[in-house]
Amino acid sequence: MSVATGDETDPQRATLFGGIPLESLIACPQCDALYVAHMPAVGERAVCERCHTVLIAPKRKAGLKIIALTSAVIILVAAALFFPFLTIRAAGFGNEASILDSASSFESGPMVLLALAVAAMIVVIPLIRTLLILYVLIPVVADRPPYAHAKHAFRLTQELKPWAMAEIFAIGCAVALVKVADLAHIGFGPAFWMFAVLVVIVIFNDNYMCTWSVWKSLELDQKEA
Amino acid sequence: MRTERCGRCGSHLQSRDTGSLGRVWAFWLAGLICYVPANLNPMLITQTLLSSSKSTIVGGAVDLIHHGAIGVAIIILVASVLIPVGKFMAIAYLAVSVRRGSSISSARRHHLFEVVEFIGRWSMVDVFVVAILSSLVQLSVVASIHPGSAALTFALSVIFTMLSAQAFDTRLFWDTKDARNETT
């Protein structure tokens, strides 16, 4: 049970594996069990029998939905960056912080590294992912050949996925609010609500994405072109 | 074993990632080394009109319990103590089980790995709390909060354990079982 493209043959030439065309085979990315893929009906899922990883999960008009939701994410992130996020008042003193303020709150010495990492995880990486997803999917949905390097772009979005932590930042906000609740009066800025909506969208969006279908459409378009 | 490029996405194809376990252990150790100072040094430095206090991760959670915010204290303790410690033990056990075999089935171990990978990112919540608090609570003399050095080491520890989990070649769980079946 090994990867279908074979150890001995050139992957370009190895189009058959045991008499079955390579495009119709799918190896579970987690446990390497090999299957002959049947496209499940829309709304159904193909699941690996051995380790229960979801292999294929097509959704109705998924491409269009993902593009709509990702566009919303970009608008919300951009807006949430500049509006105040949380405000605080105590004993006549007040302060407000935006998301960028939070990211840049680690100022001195090696803490700057942490500031960069936090900024990357809550703003930069989610934003890069959404832009790349748009870049890959817009031509696919419009029935055009994919843009240059679409494959690299899509692979990058998959690799960056665990490092996009916007939803964890949202939980962090909730914890921070409770921590200072008896120290001062806390108010929500407009950016807070934008961020809350954004987190919900990100979760829905990941649910719509079926990587197998995307790869398949990228490949089909390339052959026609 | 020769490696090839995937005809579809261009990533390296390798039947089994032979260097996987080495990288798992390297990142695991780096994460553990960072986790020790993360618990000993202060995470937050709070200055109010009258006093200045430094609190560690566990100390901060204990303070919260004294203030009656037990729910939040539990979130912090789970995210910053239970998950990281559990993660260190789980990855170590899984890495050993690939070499030595295990009485627990492949499916169970794979499931454990998925839980570890899914839950690991959530440990970052404490770092984000520190970031939010130290940017928000800047009220000149009345109260101000500054990040302690543990914020950096804790973040590094989380990042290293995430890398350690990602380096794991999950197909190895299933191989040992297949290999044993073939030899018997």
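Every residue gets a Cβ built from N, Cα and C, even glycine.
What TrEMBL lists as transmembrane segment is B:21-45 (among others).
Counting residues 6+ beyond its ends, the transmembrane segment (B:65-98) has Cβ neighbours under 8 Å at 21, 24-25, 28, 31-32, 35, 57-58, 104, 109, 112-113, 115-116, 119-120, 122-123, 125-126, 129, 154, 157-158, 161, 164-165, 168, 172-173, 176 in the same chain. Taken from TrEMBL, the feature transmembrane segment covers B:65-98 (among others).
What TrEMBL records for B:119-143 (among others) is transmembrane segment. Packing against the transmembrane segment (B:119-143) from elsewhere in the chain are residues 43-44, 46-49, 57, 75-76, 79-80, 83-84, 87, 151, 154-155, 158, 161-162, 165: each is 6 or more residues past its ends and has a CB under 8 Å from a CB in it.
With a threshold of 8 Å between CB atoms, the same-chain residues lying at least 6 positions outside the transmembrane segment (B:149-168) that come near it are 20, 23-28, 30-32, 34-35, 37-43, 56-57, 80, 84, 87-88, 91, 94-95, 113, 116-117, 120-121, 123-124, 126-127, 130-131. TrEMBL lists B:149-168 (among others) with the feature transmembrane segment.
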